[in-house]
């Protein structure tokens, strides 16, 4: 199959599923060759879906009921606060959230890094995650614990330090099989393909796949592209004005500790650029989860949760599990 990819021929869903399982038994050199060849060719919806389905089928199983996930693909090389972690905590004030995350590969603050910097403990086992969900409406699913078959592939990804199909796969391979999902991608071209792949993997009722002018988030300082899936596909663009928010700057972030501190500042009611960034993405997640009727409603719901102290209280609950 490597020659086929090098010749820029696309793989079918079935071939992609087979290739994923084959990579688990390949040498690191050949794994790197496949990953770079796929990335150079450009991945299709079928290839993403085939890999994602195989990744889910190889994962440690966990049943948390009907959950939402907020996750980005990473790989945008940005130095921003970890917005998806902030959003997941806000969202858990209203619905069950299974946050599928990992340590950083290309950014300054991966979700697992920031989660621990917030003083939260990553559940060791699926049973621990279930207890966390029962007590707090929130469970952090640390990807390496649920995808042990990828141990051989992770060192290759770390060594390559470039975007690969695995950056895309993480959000599609949540072992809790989320029914609702807001998923950030690292290029505009990916939004439709990832939305199609998500629908093919199965289990999704509603999803937003977002790209924000260089970020795998909705951006507060420009135009964002969204592909929405709710049984049908719709692609459109939004700006902060569609959320009732002013344009704001994206301030760089240099470490998980800094990210955690700035998240807590927002949760504590501080009004700054970070707040707009978080509110915009929280609104997207609340709309995706069918808690908010639209983005404007989502912003108001998120604001109230922060201003009433619900979000800080929720963070404290999660810390104390």
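The backbone N, Cα and C atoms fix where each Cβ goes, glycine too.
What Swiss-Prot annotates here:
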BINDING   72, 102  anthranilate 1 binding site
BINDING   72, 75-76, 80, 82-85, 99-107, 111  5-phospho-alpha-D-ribose 1-diphosphate binding site
BINDING   84, 217  Mg(2+) 1 binding site
BINDING   157  anthranilate 2 binding site
BINDING   216, 217  Mg(2+) 2 binding site
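The structure, with features from Swiss-Prot marked on it.
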{"residue": "72", "record": "anthranilate 1 binding site", "contacts (Cβ under 8 Å, 6+ apart)": "84, 171, 183, 184, 185, 186, 216, 217"}
{"residue": "100", "record": "5-phospho-alpha-D-ribose 1-diphosphate binding site", "contacts (Cβ under 8 Å, 6+ apart)": "69, 71, 141, 143, 146, 170, 171, 173, 174, 175, 176"}
{"residue": "102", "record": "anthranilate 1 binding site", "contacts (Cβ under 8 Å, 6+ apart)": "110, 111, 112, 142, 143, 144, 170"}
{"residue": "103", "record": "5-phospho-alpha-D-ribose 1-diphosphate binding site", "contacts (Cβ under 8 Å, 6+ apart)": "110, 112, 113"}
DSSP three-state assignment for residue 84 (5-phospho-alpha-D-ribose 1-diphosphate binding site): helix
Residue 80 (5-phospho-alpha-D-ribose 1-diphosphate binding site) and the residue listed as 'anthranilate 2 binding site', Cα-Cα, nearest whole angstrom: 21
Mapped DSSP class for residue 216 (Mg(2+) 2 binding site), helix or strand or coil: coil
Fewest Cβ neighbours within 10 Å, where candidates are the binding-site residues 80, 84: 80
